[in-house]
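Per Swiss-Prot, these features apply:
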| type | residues | note |
| --- | --- | --- |
| REGION | 460-481 | region 'Disordered' |
| MOD_RES | SER675 | phosphoserine |
| MOD_RES | ARG683 | asymmetric dimethylarginine |
| REGION | 968-974 | region 'Interaction with NFKB1' |
| ZN_FING | 1254-1292 | zinc finger |
| BINDING | CYS1254, CYS1257, CYS1274, CYS1277 | Zn(2+) 1 binding site |
| BINDING | CYS1269, HIS1271, CYS1288, CYS1291 | Zn(2+) 2 binding site |
Amino acid sequence: MASKGAGVPLSRKSYRLTSETERPRVTGIVHEKLLNDYLHRIFSSPDHATPTATSRKPLNFQNLPEHLDQLLQVDSEDEESQGQVEGRLGPSTVVLDHTGGFEGLLLVDDDLLGVIGHSNFGTIRSTTCVYKGKWVYEVLISSQGLMQIGWCTINCRFNQEEGVGDTHNSYAYDGNRVRKWNVTTTNYGKAWAAGDIVSCLIDLDDGTLSFCLNGVSLGTAFENLSRGLGMAYFPAISLSFKESVAFNFGSRPLRYPVAGYRPLQDPPCADLTRAQRLLGCFRAVLSVELDPMEGRLVEKESSEWQLQGQPTVLLTLAHIFHRFAPLLHQVYLVEAVLMSFLLGIVEKATPAQAQSAVHQILDLLWLFMEDYEVQDCLKQLMMSLLRLYRFSPIVPDLGLQIHYLRLTIAILRHQKSRKFLLSNVLFDVLRSVVFFYIKSPLRVEEAGLQELIPTTWWPHRSSREGKDSAEDRAEAAEERPRRRAYERGCQRLKKRIEVVEALQVQILKLLLDNKDDNGGEASRYIFLTKFRKFLQENASGRGNMPMLCPPEYMVCFLHRLISALRYYWDEYKASNPRASCSEEAYIPPQVFYNGKVDYFDLQRLGGLLSHLRKTLKDDLASKANIVIDPLELQATTMDDLDEDEEPAPAAAQRPVQALAVGGALPLPRPGWLSSPTLGRANRFLSTAAVSLMTPRRPLSTSEKVKVRTLSVEQRTREDIEGSHWNEGLLLGRPPEEPEQPLTENSLLEVLDGAIMMYNLSVHQQLGKMVGVSDDVNEYATALRDTEDKIRRCPKRRKDILAELTKSQKVFSEKLDHLSRRLAWVHATVYSQEKMLDIYWLLRVCLRTIEHGDRTGSLFAFMPEFYLSVAINSYSALKNYFGPVHSMEELPGYEETLTRLAAILAKHFADTRIVGTDIRDSLMQALASYVCYPHSLRAVERIPEEQRVAMVRSLLAPYEQRPWAQTNWILVRLWRGCGFGYRYTRLPHLLKTKPEDASLPSLQKPCPSTLLQQHMADLLRQGPDVAPSFLNSVLNQLNWAFSEFIGMIQEIQQAAERLERNFVDSRQLKVCATCFDLSVSLLRVLEMTITLVPEIFLDWARPTSEMLLRRLAQLLNQVLNRVTAERNLFDRVVTLRLPGLESVDHYPILVAVTGILVRLLVHGPSSETERATSVLLADPCFQLRSISYLLGQPEPPAPGAALPAPDRKRFSLQSYADYISAEELAQVEQMLAHLTSASAQAAAASLPTSEEDLCPICYAHPISAVFQPCGHKSCKACIDQHLMNNKDCFFCKATIVSVEDWEKGASASATSSAA
């Protein structure tokens, strides 16, 4: 650095040392006296009084270096004593011992101070130990899980189950379980949270050990520590999987120093003194101005200082920075000196003044220091700033967070610094996403929420379903002032949080600036590259789980990103009227197939990208003018095939595979981890099936474009925004898309990334945060029940009253705490503004799906997460935000609901979508959609053509496809119209709990007559629609009920064994599911018979008789199994096993009764006679099963004991709240009708020889013969067999025809052909 003095004095970095004695004069330097006064004012000695002008030595730039040497001289004792402290053994630079002092698998940072658990319970210690004196070190808690932090000796041996504190000479504090550990464990301290700092103190003079949490002492934890020969203590930690911390042994200033205790690593005292003196000189430069005209010095505020290019000032600063720059490579000095100085500016000045001052200071750093020095200094500065922000305590006014964010903004406003930090630091070295996070306080009293929200309130839910008594209303009136006071406190909190959020949005606006491209790439395009890599690391399933961005950070980052994105989107709209506003935003479909945006290995709707490019290459050419080179396509395919055959060295370099060897591994810190998929993605993209040609004019429809997919790092601004008719990201526009641009292409990519972020982890985190609200509801219910018990408690039972009062106090205190926490959660996660952000994402996804659908087969290129986000964001708005804010108040809510309904109705059976998971998600979303009245009405509002197509898909045969959800949807459309089918929860179960009221299955019946009519019309239309659908329903009913009976037989056998045994809960769940399926299939049959009875009863149809016989057979089977007293079903129901709560007589019997009533009571007499004859002809029919429905006892068999008189019998008459009098009258009419008809049938029946009975069913006489094999059966059996199989039941020969057969006569005319 000393060689930089040559050259012109005022050139770039040429005036570092400008004594230049060989030159006769220096132009521009002030006269000697003023220069002497100025330099003495700047470089005054801090230890002595200011000498008089006559006694002090004259100063000029020739003797200034000598003066500086004297000024910066410190006591030699300070430097010599560095690292030579009694009571400490080991290196002076204290780090974690990743070579030998560990147990288990751990990930260690590059600086050897941060550690992440990667095994069950890993342990690591430091390289330095202490045996005498008072020592302290700090641990920055990054995650609040299971950890034991403290001290151990070198002889302690740990394993995957035992860590620090589990051996005799190791001591630990565990804030997760709020305990201290030394072989045994006792309660100690407070619970810690992510963002806290634990100070570990050891006093080896007194033999005590204690801890502090965020600077507050938790008291002495252990006494009488073992001391003496061979007893030295190492800092140590044991942590479970995915937990992470960072240590500060003294390499940085302690956040909470403790008087009398020394950090394990000594601070650089001598360099610190020098740096502080140089900083004082620098401050003096900023507060003094030269007035050459008057020949005097002018004092002024440092915030008003401007660099005006005066040679004297520049040379002075050059001398300061010549000494200051080498010191700023030390982390300790950057944080203790430079950071403190900059924070002081931010705290004292207005935001505008602070930004101007910081901007000038950064200008000076870049001017007087080498680039590598500035870059290293900025890197350390931002890392320190992020640590300060992340680990600062929450105070009522959030003042600390505001100061740190204001300084961050001031630094990022400096263009050169911003671009360097974006390119090399913000996403590569540190988790910059932390800057957008507002941590939730675990201890509300420390965050000052008690003062901010002095009055607490929580909703009092009535225990009565949907009914509020006068007492409840009076209580609500009494609570109203309290609720309003609570809401005012919440608003005060929200306003303070909004200040922090606004600063965070400012940071992102700076990072998304695209007008700072002078002298290099604009910030926005650097951000896009880093943002895409960040998404890739978090999207990859093979990434390192502990290194992924925590979901709570993602939530905050997403909301700030949406705010900044919409700001720039609408700003572009203001200057370009033809563009779209952010309310009309969507992602054009060509982004998904032109290869300009990397979607890594994420699944597309149509499957793998390589497969789609092969199968849809003709559609790409015809619709998007994109040609795929077959040779490159083949290369891509081979590259995918060879992916698993990587060379051994390459595979060994993968981080995940390297971890398998065990031990503590140095962990690189680019972002969260260099994703293992990055190499594959880039290799795929570089050999992708498209090559680039930039046309200079608009393309005609006959021209085809060959495009080449570029990796993220290779793209330029032109590749994104486009130029000279090259549309950039929008290359390959389909004819359905408008020509005018929506907005800047770079903003489209940011929007695409925001949608991907929501899918990665934001939705799951939104669901987790609802837990606080659930806790409030549970405690509120418990408090209400306790207060009721206190009111009912007899006065003489003072002991019970005391216990109840104690419980009441505990619940009240817990609710006070939770209600304040809930206010914080509502302000940071579930506010109205956050709800609008998620709603905006939902509408963006809907428009994107609609535009993609118009491209026909190219819709298959869309990533699956667009449909997932559309489904999940609506679910979040309804279930997570809905209890706090009404969805109906959202702008355009009804229209959005209808558009989502149209997408679900169209795409749940879309053949272009092949992924099983996404198809299941669509089906489940539609099933949930039809459960709620407002969303069901939205389905009814979609165009009739789409409604009919949806119902047609629902009526497709159930074979060879997932049919349970389809059947559930049909059942929901019928619920409320069926026989005794108006219940929300089964009659034998308890009433609905308030917290369960939002579940789809517990919604009140809301049938859709419109969709029922569509179903009836479709079943009447084609000759094959109804038979194929009903045949599949009957097959599934036969399977489901048979499986159910088989399972309850096993359960009954297990229950009757004398030895102790347990029934597998999974078996019980499957059993209950089969029962529910049987009931729902019966309900679908009831709906079909009610809507279109002629399918079964009009025997002019070729399949009606066969369907009716099969239906009668199944109904009799169900009735016989369920209605027989003291049989298998009856015994299992009386067991009331957990898991079989839904198994009961009522749901299945009323479903069967509904079908029988429709067949035998409603309709003309000719139809009822046909149904009656078929039902009675079935050999399984028993009249007692029908009598059972009305509670009539079964007549005892001869010699059998009479039934117990007090035995409770099932009867539909007992369910007056669920079955109307009219329905009961119909059952009685049906019973009378069947009693009469069965008596007549018994009198008219003739005995049949066994040889004449059908050899398949042994119930009906032989009436058909198969050709050509000649085997015989009844017509019902062969018709049913031919519905599913064309081979002979007996010999497996192919049946050509079936002919009528009568005993003693030859075959007659052919009745049907196979």
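Quick reminder: no glycine exception, Cβ is built from N, Cα and C everywhere.
Structural mapping of features recorded in Swiss-Prot.
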residue : record                : contacts (Cβ under 8 Å, 6+ apart)
CYS1254 : Zn(2+) 1 binding site : HIS1260, PRO1261, ILE1262, SER1263, LYS1272, SER1273, CYS1274, CYS1277
CYS1257 : Zn(2+) 1 binding site : PRO1179, SER1273, CYS1274, ALA1276, CYS1277
CYS1269 : Zn(2+) 2 binding site : CYS1288, PHE1290, CYS1291, ALA1293, ILE1295
HIS1271 : Zn(2+) 2 binding site : VAL1265, CYS1288, PHE1289, PHE1290, CYS1291
Residue counts (helix, strand, coil, in that order) that DSSP gives for the zinc finger (1254-1292): 8 helix, 8 strand, 23 coil
Near-site residues: Zn(2+) 1, ref CYS1254, CYS1257, CYS1274, CYS1277, CB cutoff 8 A to centroid: LEU1253, PRO1255, ILE1256, TYR1258, ALA1259, HIS1260, ILE1262, SER1273, LYS1275, ALA1276, ILE1278
Environment of CYS1269, HIS1271, CYS1288, CYS1291, the listed Zn(2+) 2 site - residues of the same chain whose CB lies within 8 A of the CB centroid: PHE1266, GLY1270, PHE1289, PHE1290, LYS1292, ALA1293, ILE1295
Remote residues contacting the region 'Interaction with NFKB1' (968-974) - C-beta distance under 8 A, at least 6 residues beyond either end: 923, 926-927, 930-931, 954, 981, 1007-1008, 1011-1012, 1015, 1080, 1083-1084, 1086-1087
Arithmetic mean of per-residue pLDDT over the zinc finger (1254-1292): 80
Candidate with sparsest Cβ neighbourhood (10 Å radius) among CYS1274, CYS1277, CYS1288, CYS1291, the listed binding-site residues: CYS1291
